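Q: Handing you this structure, nothing more for now.
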């Protein structure tokens, strides 16, 4: 279930005006076939990302549904950076998130990723309760990156506390998005195979609270040191999490994450947004070749 973030800017043909998301996905699928790694998943923006504006047009909706069905893709949408239903603007935000969820349903997108805030679990649950569930579309709460806040949601204990509250409140269609760069930035050392295995075994221990069917990953290396609180992604084995394991990859924490993802068939997205299409495709070719070697 491996794939990548598909940016309209870097993947669509020049001059594209009406069906740019579909066009981007078509080019992305063709690229996967070209490098010998047929993609099973993808992540897109259907709104924003920095403004509360829907940016998928009517024609694009029709064609995107066909494209997703044709290639049997698992696609998730990333919410805008304003999608914070536990904020003071929650009435407007909740309405906008509801629009995004309905569009996801309409075009065959399986989930919407929202950034978790560094706030108490009860505030997050109260915000989620304002959103009406949309059948077949999961809201994935993404692990945040922070340094000083009490609630980082990078430890299994805090993840369990949050999802117990979610379950006990009766909320449906809520999942977890684990960003490896974020939990590293928040102070969790996942560089070695053994350190990652310890964290992931603890995650498996709470599968009764948050099942793997409701877990996805943002598979990113990080350009900053562990516990920095700074979110800066890097290509796999090019950042500070796993670069020291580039010549002994099966001893890396990344290898353990790939084992978990494969074992439980979780979607995993590489989030890369480089300067040009050529830079992006060069980086992704190397990364997916590495993943291919893991999966042999």
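Placement of Cβ uses the backbone N, Cα and C atoms for every residue, glycine included.
Predicted, not measured: the structure shown is a model, and the values here were computed from it.
Checked Swiss-Prot, it gives:
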- 78, 271: Zn(2+) 1 binding site (BINDING)
- 115, 142, 218: Zn(2+) 2 binding site (BINDING)
- 182, 231, 233: Zn(2+) 3 binding site (BINDING)
- 16-20: disulfide bond (DISULFID)
Q: Quick one: give me the count of other CB atoms within 10 A of the CB of residue 142 (Zn(2+) 2 binding site).
A: 20
Q: Three-state secondary structure of residue 16 (disulfide bond) from DSSP?
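A: Once the DSSP labels are grouped into three classes, residue 16 (disulfide bond) ends up as coil.
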Q: Residue 78 (Zn(2+) 1 binding site): which of the recorded positions 20, 142, 233 is the nearest Cα neighbour?
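A: Out of the listed candidates, the nearest Cα belongs to 142.
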Q: Counting Cβ neighbours within 10 Å across all chains shown, tell me which of the binding-site residues 78, 115, 218, 233 comes out on top.
A: 78
Q: For residue 231 (Zn(2+) 3 binding site), just give me the three-state DSSP call.
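A: Its secondary structure by DSSP: coil.
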Q: State which of the following binding-site residues has the fewest other Cβ atoms within 10 Å around its Cβ: 231, 271.
A: 271
Q: In sequence order, what residues of the same chain, 6+ apart, have a Cβ less than 8 Å from the Cβ of residue 182 (Zn(2+) 3 binding site)?
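A: 142, 143, 144, 145, 154, 218, 231 - these are the non-local Cβ neighbours of residue 182 (Zn(2+) 3 binding site), listed in sequence order.
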